[in-house]
Amino acid sequence: MNDISTVNKLAERIGGSSCSTSCGDGEGSLQVALDPHIKITGAKVFAVYGKGGIGKSTTSSNLSAAFSRLGKRVLQICRDRGADATI
């Protein structure tokens, strides 16, 4: 999703804002905010798998970092031998 106009359209649809080079996350970054009315209780488990090279580790790492910044406790386990999610 490198097309900036596509990112802008997606951001408008989900109520976020897109960034160009003005955001710290880089060009094409999509910023969303957690709805304060939504209460997350209990553990949530997400499994991501599929074809190689499509951004699974990148997406998982970015989601983990975002939830952590929101004050959520996050445990990310990566079984990829390439260790792409290693920080």
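Using the three backbone atoms N, Cα and C, a Cβ is placed for every residue, glycine included.
As written in Swiss-Prot, here are the features:
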- Gly53, Ile54, Gly55, Lys56, Ser57, Thr58: ATP binding site (BINDING)
- Ser57: Mg(2+) binding site (BINDING)
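Structural mapping of features recorded in Swiss-Prot.
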residue : record           : contacts (Cβ under 8 Å, 6+ apart)
Gly53   : ATP binding site : none
Ile54   : ATP binding site : none
Gly55   : ATP binding site : none
Lys56   : ATP binding site : Val48, Tyr49, Gly50
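The binding-site residues Ser57, Thr58 differ in how many other CB atoms lie within 10 Å of their CB, and the one with the most is Ser57. Mapped onto three states, the DSSP output places Gly55 (ATP binding site) in coil.
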